[in-house]
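Pulled from Swiss-Prot:
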- 381: active site, nucleophile (ACT_SITE)
- 107, 399, 450, 451: L-glutamate binding site (BINDING)
- 95: N-linked glycosylation site (CARBOHYD)
- 120: N-linked glycosylation site (CARBOHYD)
- 230: N-linked glycosylation site (CARBOHYD)
- 266: N-linked glycosylation site (CARBOHYD)
- 297: N-linked glycosylation site (CARBOHYD)
- 344: N-linked glycosylation site (CARBOHYD)
- 510: N-linked glycosylation site (CARBOHYD)
- 1-4: topological domain 'Cytoplasmic' (TOPO_DOM)
- 27-568: topological domain 'Extracellular' (TOPO_DOM)
- 5-26: transmembrane segment (TRANSMEM)
């Protein structure tokens, strides 16, 4: 009898252990794996519901471009502080069938009545109707869809129309900016009507509905891009901007065209090619950073010991400083001859000359890097990366310029408009002693210099290896470079490449900003080499990346903005 009881007791213990084990295992087995590797297609962006919209568009037979447009329309709702249909974007597109890359430029342009000295202060270029440029976002979607779309145009709008009507919880990124811009928003009746409850800005998790934008999306879905530029929306858009003191006219909207660039900027990295936009974007800056650094033959060993890691990061920061010194010469190639500048910035010989000027034991005064002009900060961006089942890819970055752009929001259409603060102005001085860049002065029809660099890396076999880009003002270029360096040279998986603590230096001001959780060995090594370091108040930009691995497409959406990838 005693023996029987012992056996029964042991069986009971085993049964309990099995049940506990199943309880622990089953929930995790039903979840998506933490590494986010997808066998067929992937999307990385900074809003979960938008990722799911992009993924479902791919599942429904949509192309990479279809998924990008559908997801961007959603991001324009959920992260309205960063982008929307009243702004502009660039798309880098790779077609796996033709094995060709192209860029679509749909950045906003200065109105025909604009002139170089139209702003006497930064406030004028940042806020109000006068600061609004001619939006290009919808024309960009149209051109991309005409060239690469598979699903009907209207289908791409439907998920976001539903989302705008039903509402959604305010996410981490939008909530942080609403709190940061609380005073401005609560004092603007139209903005506060959208983003406030009981005259107080919405907090994370509270519900935001956008019924006016839903109506506008419906009109665009039915009428196409024409509705915005010379159709049923056009007159109201002009009226809203001019009522706020702006100079955008019907003629400006009628004449706006997105631009196809069939031969984008590219450089070699080992046995791969990196495709990105040239000037007026910061592709040449990214190219110069990587060309300088590839001469060091970085590898996993470059960051193995504190000494090696410190030297490696010093070299990276010095490459940033040289590249940003040359950035000040860039501008819109339709108005400024930047051929020689871009040729130098993408030349391995030129990069080697700059590399030879990097001292491993110290940094140098600003004048050592020979900056010629100063260009203003930019900000308020959103990026997404997409890879479709056929191996085609899109890297897209859209921007409203500064958070909430011009702060001009239509009480009728719900459209929030950009500002022109990315231009330089002869009337606005800076504290760094460098004159404003004439290459970036305002002219009618001109586009300003920007830090965006949506990038696609392709191997010799014609297959995409990496799709990457970032959002976050002038930090975009350095963060995109770091993600590539971390993955390609240091051997970090894509999740670590996106999440790894980062640093930034744009030469002016003479400060290296580091994220709070960066390795202390890096900070100590920089300070030993006379770098002025400061801890970032929040985070340094937000990266979205997809990388080809043996197991499929590994995707990472930056947790700094609450991102999470999707795929299948």
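Using N, Cα and C of the backbone, Cβ positions are placed for all residues, glycine too.
What you see is a predicted model, and the numbers here were worked out from it, not measured in a lab.
Features per Swiss-Prot, on structure.
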residue : record                      : contacts (Cβ under 8 Å, 6+ apart)
95      : N-linked glycosylation site : 101, 102, 148, 392
107     : L-glutamate binding site    : 88, 89, 90, 136, 280, 447, 448, 450
230     : N-linked glycosylation site : 250, 253, 254
266     : N-linked glycosylation site : 101, 273, 274, 275, 276
297     : N-linked glycosylation site : none
344     : N-linked glycosylation site : 326, 350
381     : active site, nucleophile    : 82, 83, 397, 398, 399, 400, 452, 470, 471, 472, 473, 476
510     : N-linked glycosylation site : 365, 366, 532
Identify, in sequence order, the residues in the chain of residue 120 (N-linked glycosylation site) that are 6 or more apart from it along the sequence and have a CB within less than 8 Å of its CB; answer 'none' if there are none. 427, 428
When DSSP is mapped onto helix/strand/coil, what comes out for residue 344 (N-linked glycosylation site)? helix
Cβ neighbour count within 10 Å of residue 450 (L-glutamate binding site): 27
What is the biggest Cα to Cα gap, in Å, among 107, 399, 450, 451, the residues listed as binding L-glutamate? 12
How many other Cβ atoms are found within 10 Å of the Cβ atom of residue 451 (L-glutamate binding site), counting all protein chains shown? 31
I'd like the Cβ neighbour count for residue 399 (L-glutamate binding site), meaning other Cβ atoms within 10 Å of its Cβ, all protein chains included. 29
